Amino acid sequence: MLFKNKNNLKLNATINSIRAILGLIFPLITFPYSSRILGPVSLGKVNFSQSIVNYFAIIAALGISTYGIREAAKIKDNKIKLTQLFKEIFTINIISTISAYLLLFISIFLIPKFHEYRNLIIIFSCSLLFTTIGVEWLYTALEEFIYIALRSFIFQILSMILLFSFVKSSDDILIYAGIAVFSSVGSNICNFVHLRKYIIINQKIKLEIKKHIKPIFILFSMTVAISIYTLLDTSMLGFLSNDEQVGFYSAATKINKLVVSVIASALTVLLPRLSYYISKKDNDSFTSLLSKSFNVTILLALPCTIGLSLVAKPTILLFCGLKYSDAIPVMKIMNPIILAISISNLIGVQMFMPLGKEKITLYSVLIGAVSNFILNYILIPIYGALGAAIATLTAESSVTIFQFIFARKYFIWNKILPNIFQSIIATIFMSIVVFFVSETLQNSISSLFISIIIGIIIYGTVLILFRNTLLMDLLQKRKKNEI
């Protein structure tokens, strides 16, 4: 049974990573097109509108996603109990979504700044309802990652076809917004249709909502604090600067956010499994899996952080065009958040949630939120997008450091420190070569792709010379499969 669980976890991690990589590839195909067609100003309008809707999405979601995954994972083998839990959480979610819509429409009419963006905000707000009825948290708790990946792939393909077919100029900004929402809406409708497979729809039960309120609102408080420093940069740029600066900032953060999402998706599969280990009081399996996951995080995030900084110029010029040249220094400043967010996601969500230590995560994100707001308020009027980048990097770093102080005792350090050392040395060798390649080649396309290929080869080669345990384990498994 344990062997099967380990295999399932590896399969789920692989599937989720493939899903995340596809989620990376599609934007890499579509973003160069949309950024050039829309231009910095229209792109800024889109991202500002999305950031506003996201505040109300927080109210709609409460802390339900993380809480639902954790609680459903504990009872996923009992369909009756799972149905009870689902109906209770879903009821809370419906109430919170209705409340979010009421507040959103009141804000549209009362806040003058929103009048210009009203149509965009209304279009993006469609995602609130469909995210609620999509109950993605249930499918994640049940580890239905093959279904999630296949569904996401289909709707990403459809969205890409629609984008290239109907968005032809900056005047098509509303069409672009509708297509951006389409993928999420379609995926969530599929989720809702398939609910009968996992839930007893007609089961009559007495709802016990009250017991969920306190833990959900603790997570909600944490989500609010996190969102302040993840959304505040874009919305404060819109209020304190202009749409063009929002466009530069959005372009600069697009790539590193995609990389973060790939790493985060690989780690998403951990929460239900770690929650299961805690419920069974299997502390050895918990700490072992956690330490291995930390190694994977460092192995992936460190070279991405340094590598993207070295190829920031060709990346922006290739994917966004010359109009976005002001985004290059912004991207260089922002890239370290890849490492910071990857570590804080592992600790704050995948680790502290199963342990029931949400309050530590809450305190850390409150520190990040306050520092981000203060720095944004000071720096954005002076430096625009560059100031927002400095504020966000400072906030993310403070969150990670605070969480790490409380988390360090749970890791098996004799398994982690050698991996960190090897990753640092491999990254140094990779960086030296990539720097000379990017400085020598003037063509953006050749510079970027040659740098990436050579960087991966050098990084991997150095790790093999060190006989890195993670990499050697992967190579041995591939060799056995071939045999």
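Glycine is treated like the rest: Cβ placed from N, Cα and C.
On a predicted model such as this, the values are computed, not experimentally measured, just so you know.
Per TrEMBL, the feature transmembrane segment maps to 52-69 (among others).
Within its own chain, the transmembrane segment (117-138) is flanked in space by residues 45-46, 48-50, 52-53, 56-57, 60-61, 64-66, 68-69, 72, 86, 89-90, 93-94, 97, 100-101, 104, 108, 148, 173-174, 177-178, 180-181, 184-185, 187-189, 191-192, 195, 198-199, which lie at least six positions past its ends and keep a Cβ under 8 Å from the stretch. For 117-138 (among others), the entry in TrEMBL reads transmembrane segment.
The annotation transmembrane segment is assigned in TrEMBL to 145-167 (among others).
Sequence annotations record features per position, and here TrEMBL assigns transmembrane segment to 173-195 (among others).
Among the features that TrEMBL reports, transmembrane segment is placed at 216-238 (among others).
Here TrEMBL flags 258-277 (among others) as transmembrane segment.
Look at TrEMBL and you will find 289-313 (among others) tagged as transmembrane segment. Panel annotation: around the transmembrane segment (289-313), residues 9, 255-256, 259, 262-263, 266-267, 270, 273-274, 277, 328, 331-332, 335-336, 338-339, 342-343, 346, 350-351, 410-412, 415-416, 419-420, 423-424, 426-427, 430-431, 434-435, 438, 444, 447-448, 451-452, 455, 459, 463, 468-471 of the same chain, lying at least six beyond its termini, place a Cβ under 8 Å from a Cβ of the stretch.
Within its own chain, the transmembrane segment (333-353) is flanked in space by residues 66, 70, 252-253, 256, 259-260, 263-264, 267, 270-271, 274-275, 290, 293-294, 297-298, 300-302, 304-306, 308-309, 312, 360-361, 364-365, 386, 389-390, 392-393, 396-397, 399-400, 403-404, 407, 410, which lie at least six positions past its ends and keep a Cβ under 8 Å from the stretch. What TrEMBL records for 333-353 (among others) is transmembrane segment.
Positions annotated as transmembrane segment by TrEMBL: 360-380 (among others). Only residues 6 or more beyond the boundaries of the transmembrane segment (360-380), in the same chain, are considered here, and those with a CB under 8 A from a CB of the stretch are 218, 221-222, 225-226, 228-229, 232-233, 236-237, 240-241, 344, 348-349, 352-353, 386-388, 390-392, 394-396, 398-399, 402-403, 406.
According to TrEMBL, the transmembrane segment annotation covers 386-407 (among others). Sequence-distant contacts of the transmembrane segment (386-407), counting only residues of its own chain at least 6 positions beyond either end whose CB sits under 8 Å from a CB of the stretch, comprise 229-230, 233-234, 236-237, 249, 252-253, 329-330, 333-334, 336-337, 340-341, 343-344, 347-348, 351-352, 357, 360-361, 363-365, 367-369, 371-372, 375-376, 378-380.
According to TrEMBL, the feature transmembrane segment maps to 419-437 (among others).
Cβ atoms under 8 Å from those of the transmembrane segment (449-470) belong to residues 292, 295-296, 299, 303, 307, 310-311, 314, 415, 418-419, 422-423, 425-427, 429-430, 433-434, 437-438, 441 of the same chain, restricted to positions at least 6 beyond its ends. The transmembrane segment annotation in TrEMBL covers 449-470 (among others).
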Sort out the residues at least 6 away from either end of the transmembrane segment (52-69), same chain, that have Cβ-Cβ distances under 8 Å to it, and list them. 85, 89, 92-93, 96-97, 99-101, 103-104, 107, 114, 117, 121, 124-125, 127-128, 131-132, 135-138, 140-141, 212, 215-224, 227, 231, 235, 271-272, 275, 349, 353
